[in-house]
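Scroll down for the structure; my scribbles are underneath it.
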Amino acid sequence: MNKVTIMRQPAKVQPEQAPGTREQPVAGHIAWQEGKVDAAQRAWLLGQLPATVWLTGLSGSGKSSIAFELERRLVAAGHAAYVMDGDNVRHGLSRDLGFSPQDRNENIRRIAEVAKLFNEAGLIVITSFISPYRQDRDMARQIIGEERFIETHLCTSLAVCEQRDPKGLYRKVRSGAITEFTGISAPYEAPLEPALRIDTEQSSLAQSVDAILHRLQDFLGSAPTMQAV
Ligand SMILES: Nc1ncnc2c1ncn2[C@@H]1O[C@H](COP(=O)(O)OS(=O)(=O)O)[C@@H](OP(=O)(O)O)[C@H]1O
Ligand SMILES: Nc1ncnc2c1ncn2[C@@H]1O[C@H](COP(=O)(O)OP(=O)(O)O)[C@@H](O)[C@H]1O
């Protein structure tokens, strides 16, 4: 088999997490299996470094609109990107979960683990979840890895979100048809030091996406070169 030498190791590529160093202990009799392709080779193949743009904000703050436009712009520029969106994930992966703090925690844990796998496959992942609890976002950061985690707070005010009410949910909340609704009858804990903070009342969709693309520049630059010897 050819031995592969990475000529320029990309700064952001993280070593694989060693088994046994995980936060949660894995069940006994399960051994970590090493693959034969590493993160640097995938980066070379795709011409990008993986990252997760973690959008967080109230319902109606613009998460889905920004996520799908960012994905469109990235793919149009030749990048491998994928959106994980709250409503869509709750149709499948998290269809058994509701909106209690415990269920939201499990939802975010699952999403973070999937985002990590997609990052390991080399993709740029855009997640679009309210993710209202600081502790849950910190868990996601830990699972995905600090270097790859770009926390982006859409800080659009509750008043503006409620005025937009794109799905008519706030109206239903006010009539009592929906309980535990973030921002009204359930908390939203704003990030203290996000990588990016965007108020979609002040920034247009295009300006918001431009700001995230700017922050992603280091990941989209030239890929490391690889030489087979
Ligand atoms: N009680 C309650 N609170 C908040 N949101 C609710 C609720 N019930 C339904 N919805 C709809 O579910 C979407 C949020 O799901 P998420 O997976 O992003 O939520 S969380 O991150 O687990 O808190 C959310 O999507 P967005 O409006 O895009 O934010 C709503 O459409
Ligand atoms: N600058 C903006 N960025 C994103 N969405 C905006 C902006 N200005 C107005 N909107 C509108 O606000 C609504 C946001 O809804 P959505 O993207 O579904 O938010 P969320 O996913 O956070 O619930 C959409 O109807 C969108 O057209």
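Residue numbering: from 1, along the chain as shown.
Just so you know, glycine gets a Cβ as well, placed from its N, Cα and C.
The feature region 'Disordered' is assigned by TrEMBL to 1-23. Annotation comment: TrEMBL describes 50-199 as domain 'APS kinase'. Taken from TrEMBL, the feature ATP binding site applies to Gly57, Leu58, Ser59, Gly60, Ser61, Gly62, Lys63, Ser64. The feature active site, phosphoserine intermediate is assigned by TrEMBL to Ser131.
Features per TrEMBL, on structure.
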residue : record                                  : contacts (Cβ under 8 Å, 6+ apart)
Gly57   : ATP binding site                        : Lys63, Ile130, His153, Leu154, Cys155, Thr156
Leu58   : ATP binding site                        : Ile130, Leu154, Thr156, Leu158, Cys161, Thr182, Gly183, Tyr188
Ser59   : ATP binding site                        : Ile130, Cys161, Lys167, Leu169, Tyr170, Phe181, Thr182, Gly183
Gly60   : ATP binding site                        : Thr156, Val160, Cys161, Glu162, Arg164, Asp165, Pro166, Lys167, Leu169, Tyr170
Ser61   : ATP binding site                        : Leu154, Cys155, Thr156, Cys161, Thr200
Gly62   : ATP binding site                        : Leu154, Thr156, Ile198, Thr200, Leu205, Ser208
Ser64   : ATP binding site                        : Asp85, Gly86, Asp87, Ser128
Ser131  : active site, phosphoserine intermediate : Trp54, Thr56, Arg104, Ile108, Arg137, Ala140
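Counting residues of the domain 'APS kinase' (50-199) by DSSP class, helix then strand then coil, yields 65 helix, 28 strand, 57 coil.
A sphere of 10 angstroms centred on the C-beta of Lys63 (ATP binding site) encloses 27 other C-beta atoms. Cβ atoms within 8 Å of the centroid of the Cβ atoms of Gly57, Leu58, Ser59, Gly60, Ser61, Gly62, Lys63, Ser64 (the ATP site) belong to the same-chain residues Ile130, Leu154, Thr156, Cys161, Thr200, site residues excluded. Close contacts with ligand 2, defined as a Cβ under 6 Å from any of its atoms, occur at Lys63 among the recorded positions Leu58, Lys63, Ser131.
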